[in-house]
């Protein structure tokens, strides 16, 4: 095991602790040396570190392939369409090898380059090591992965607290600024030095412990600012991140935000996937150079997957692993990779970058590098390169390291660092409050949506109240129509949130995978964040309709009217949130929402009254939230004092209709119950549905993940091999 070479605390350069800018005044390397010296002296040993070992790791996917040679090139005529519908193409299952017998070791204090063509398995390997790989029924995983001699399965729930994974896709909340995005990430990852961390900084002298504690607290306090300085985001830190629809920071700056978001917490391993996309060579060099300093000085394990690194960037790495078609073509020191492939009969031309040369090996481009009339047969396919590597001395050395006993410091980290670490840094309440603050910012900064929504509510409210101005209560169809339309309009309005929920779901997947927060906290915070807008919508629309249309002019009845509308609004909002959680995408969730609304509307008791609904469909009547809202609002209107009388407008209803009051008679025309208790039942039911839909959303987000594994497409070669 490599011996730590940390600077002495007495020789470490003094840094200011009052701000992130002061900490970064001398550059990231000096900061890392300062922190390593101070904390190392207080710990009384090397910095906490973690090695990653994986042996015979294989990942395969069973993919359904459609054989349709007969009609796939025909015109889309009715006969051809009917033929496809009734005859159907043949289907068969093809096994795709994503990773094949991959073994290796990523050691602390080293930075490793993961090199490979698109589809080579780089992302899949990083996701497997970080615990982010989506395991579906058609996925088979074999092999062992250990962290400091602990099986990954034993710490999989806590693994994100030690292993950072930087995704290659930039998924953020577009309305948050760069600084806010990083500050929230820092908050979710603890935000301050933990009590356990303070206790560990007590093995040095009193002066060393005090200096280490001050340095650690300053680092945690100013961590977001430090990351902003490291990634060169100072000029855009107060600019919103933006997305394809909202103008914000540039693509390269957004990529750096993606990198910085996963830098927080007490991570010992950093796995970075294609972080250079959209960055210029200078920015890429600075980021990799900083990660090199983190690895060498702070004893972190850093692995970076890049597609085409420049020679200057390539020179920053200690080791390189080359993947092709899911197999390891080389895994060892960068300094030996050129000589290794020279020994196989390949030579890198002076005008060619070393990384581009290595990427071309195992592909159809490798002929340009073959040494003519070489004395041994040269490998041509990825499989042949992998077989050659397994016979090499470098591979044997790697296997010796892989099977070697673990260093005592690594095993000590298991008891002192890994086992005491909780799965989440924040408690449920703290996490929910942090999420609620963020969701309120995200929701109410979308001013065009808020303004458009409120204007629509106001205009539609004016249309309703002017068309049905001062209605006649004896025209029960009009009254019931106004009530029904009010409930339906506010409820269906929530369906406009589905695209927003779908977009936010990708951010949730990323941050939940990093154990930023619990799923329950996210669902609760999201639901509560919608309440203020729902209250405003209900007050505006409900007040216009209630007072101008001519409902009973009593404050108590108006408040009940508003309460039921609000609960119905919230319940349907959570229903659409649930559909967004279970739908694979918006093309599925939106039609599901429309179909469900159609069922709720038809069987609510207005379009088709309860007595007209067949017995085998009556369940749809009782489960519809609109049923209970419509019934409660109708009873609230017709069983009130002015309506719950025998004589109304010269008609004695009690005499003519067997003792029924005016209100009971008109409610009976729609087959509705007339007891006032149904108002309470309506409130309870809609509130219960709000909670139930919230719980269903939690289950869907916790156990259903629409994350597609990398490298599962089937090439023609794979099909032919089958």
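The backbone N, Cα and C atoms fix where each Cβ goes, glycine too.
Unlike curated entries, TrEMBL annotations are predicted automatically.
Feature list (source: TrEMBL):
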DOMAIN    82-350  domain 'ABC transporter'
TRANSMEM  450-469  transmembrane segment
TRANSMEM  476-493  transmembrane segment
TRANSMEM  531-553  transmembrane segment
TRANSMEM  560-582  transmembrane segment
TRANSMEM  588-609  transmembrane segment
TRANSMEM  678-701  transmembrane segment
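The transmembrane segment (560-582) is in contact with the transmembrane segment (678-701), judged by 3+ CB-CB distances under 8 Å for residue pairs 6 or more apart in sequence. Listed as Cβ neighbours of the transmembrane segment (450-469) (distance under 8 Å, sequence separation of 6 or more from its ends, same chain) are residues 443-444, 478, 482, 485-486, 489, 493, 496, 533, 536-537, 540-541, 543-545, 548-550. Outside the transmembrane segment (531-553), and at least 6 residues removed from its termini, the chain residues within Cβ reach (under 8 Å) are 440, 443-444, 450, 453-454, 457-458, 460-462, 464-466, 468-471, 473, 482, 486, 489-490, 493, 561-562, 565-566, 569-570, 573, 637, 640-643.
Averaged over the domain 'ABC transporter' (82-350), the predicted model has a pLDDT of 90.
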